[in-house]
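The feature oxalate binding site is assigned by TrEMBL to ASN107, HIS112, GLU117. Look at TrEMBL and you will find HIS110, HIS112, GLU117, HIS158 tagged as Mn(2+) binding site. As annotated by TrEMBL, disulfide bond applies to CYS31-CYS46. Residues or ranges marked as domain 'Cupin type-1' by TrEMBL: 61-213.
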Amino acid sequence: MAPSYFLLAALLATVTFVAIASDPSPLQDFCVADIHSPVKVNGFVCKDPMAVNADDFFKAANLDKPMDTTKSKVGSNVTLINVMQLPGLNTLGISLARIDYAPLGQNPPHTHPRATEILTVLEGTLYVGFVTSNPDNKLFAKVLNKGDVFVFPQGLIHFQFNPIYDKPAVALAALSSQNPGAITIANAVFGSKPPISDDVLAKAFQVQKGTIDWLQAQFWENNHN
């Protein structure tokens, strides 16, 4: 009897962990986000189903059009379609992004705290990779061509780089959250507001404080639309 009890307890614990580790699951056909509701929940409260229409599940996103990468210091432009742009995504655990890369442009090292990402190259060539957590910090990297697919596990630092000097690249990414979030490593470390102490960063990166001060003085832009 005891072994069966412990097996059941372990199973329930596993199911509970999975349930709380992902986006809220739908308990009805849909739960269109009421973006303007004053009620605060994990996600968004549902819009009155009687007020829902087809436009709640639609966005004219022009994802077939090239996006401008010339104004980006890193040479990329990320067009994200999440629950904020498409309220019908609420509780469905999915979002989408088009990424345009200039020649030699990159989507710099970043992480999605709430989503796994699967990337498909639509045009061009990309060098992509992710790094595992401590203590191994192992790099898994690959050169992708048109039609190739690569997956980045949830929460791990990853990047994409266009190694071709005279041709742009385009990719489409699907993410396993209605609101995956993005933390660009350089922006978070050197562009935080207020700034992290240069004493802390100098010791962490084993460099002089003057180097940290110079990095913190740079303009750390967001390449996401």
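Glycine residues also receive a Cβ, built from the backbone N, Cα and C atoms like all the rest.
Worth saying up front: this structure is predicted, and the values here are computed from it rather than measured.
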Checklist entry - If you take the centroid of the Cβ atoms of ASN107, HIS112, GLU117, the listed oxalate site, which other residues of that chain have their Cβ within 8 Å of it? => result ALA97, HIS110, THR111, ALA115, LEU119, PHE152, HIS158, ALA173, LEU175, PRO180, ALA182
Next on the checklist: So if I draw a 10 Å sphere around the Cβ of HIS110 (Mn(2+) binding site), how many other Cβ atoms end up inside it?
Outcome noted: 21
Checklist entry - If you measure from the Cα of CYS31 (disulfide bond), which of the binding-site residues ASN107, GLU117, HIS158 is the nearest? => result GLU117
Checklist entry - What is the separation, in Å, between the Cα atoms of HIS112 (oxalate binding site) and HIS158 (Mn(2+) binding site)? => result 9
Checklist outcome for this item: One finds that other Cβ atoms within 10 Å of the Cβ of GLU117 (oxalate binding site) number exactly 23
Item to check | Cβ-Cβ neighbours of HIS112 (oxalate binding site) (radius 10 Å) | outcome: 23
